[in-house]
Amino acid sequence: RFLDNRLFATCSDDTTIALWDLRKLNTKVCTLHGHTSWVKNIEYDTNTRLLVTSGFDGNVIIWDTNRCTEDGCPHRKFFHTRFLMRMRLTPDCSKMLISTSSGYLLILHDLDLNKSLEVGSYPILRARRTTSSSDITSSGSSGPRAVGSPCHQSNSGPLSEKTLSRPSQREGGSPRNSLEVLTPEVPGERDRGNCITSLQLHPKGWATLLRCSSNTDDQEWTCVYEFQEGAPVRPVSPRCSLRLTHCIEEANVGRGYIKELCFSPDGRMISSPHGFGIRLLGFDTHCSELVDCLPREASPLREIRSLYSHNDVVLTTKFSPTHCQIASGCLSGRVSLYQPKF
């Protein structure tokens, strides 16, 4: 994740984050220690210059790059939840989305990164499509995830409202860091539950993109959900901030492995790992903007093109932000570059 034109951060399965300078890549600027398991996400708020990381220890940690030295950066735990998979900030940093392997999607609304969240210190918005009331967050660590089992199933449910206080709402809006717990609708899942393995956001902040697999690991889906903004929620009703708009079933090859998908820089296409290749998907056959083809009910994503060059399961794909180019990487370590011609 680039912090500016020369400084960038990387995260690793050795539990560390490293800062690098493009002008001197033979040594790290510094190494950041704070996570206790694999670190899987890096986000950055350019306004506050705060680095935000998440890992399989269930922690979201804030690093103050304004006070960075050779020994590291001051840091603090911002949030904790069990079975954390991925964490993203919306482009305007007004929301934080967290996906879990137990099928829950957590949304922190009206985000304030300067305030650490502990149980009892933030309001919760009632969950949608959830039945259990067991606690999935705590002030202590849940420990590292089982290696080789990224889709570990749990019966844990959303946060227990009995343990959470409800600060009064700010005038004209919801309280800062209001937590919403959702179980996103997934086709084919119904009552079997699902694991949310990959989480991406539309570059304009209009929607979120999820890769989900069923708990029985026999189905895999790519799903798009639009954000539904509305009036502040009442204490007795769910906020329901997401609506499923498009979806498509995937090949379900390489079970148990996480497949990272992505939006194109303009948000008109999705690149999705599909077996030993990738598929380019659109909201319609003309690659229209999402806002121009929002259906009343969930519609299938349209396959624009399939690209195959690997001899192993593709696990990740990414568009170039500046060129007509796509990269894909497979389980055996090969990276392929494509320049599609339409």
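Using the three backbone atoms N, Cα and C, a Cβ is placed for every residue, glycine included.
No curator has checked TrEMBL annotations; they are predicted automatically.
As annotated by TrEMBL, repeat 'WD' applies to 32-64. Taken residue by residue, the repeat 'WD' (32-64) breaks down under DSSP into 0 helix, 21 strand, 12 coil.
The feature region 'Disordered' is assigned by TrEMBL to 130-189.
The compositional bias 'Low complexity' feature in TrEMBL is assigned to 130-142.
Packing against the repeat 'WD' (32-64) from elsewhere in the chain are residues 1-3, 9-13, 15-19, 72-89, 93, 96, 98, 113-114, 116, 141-145: each is 6 or more residues past its ends and has a CB under 8 Å from a CB in it.
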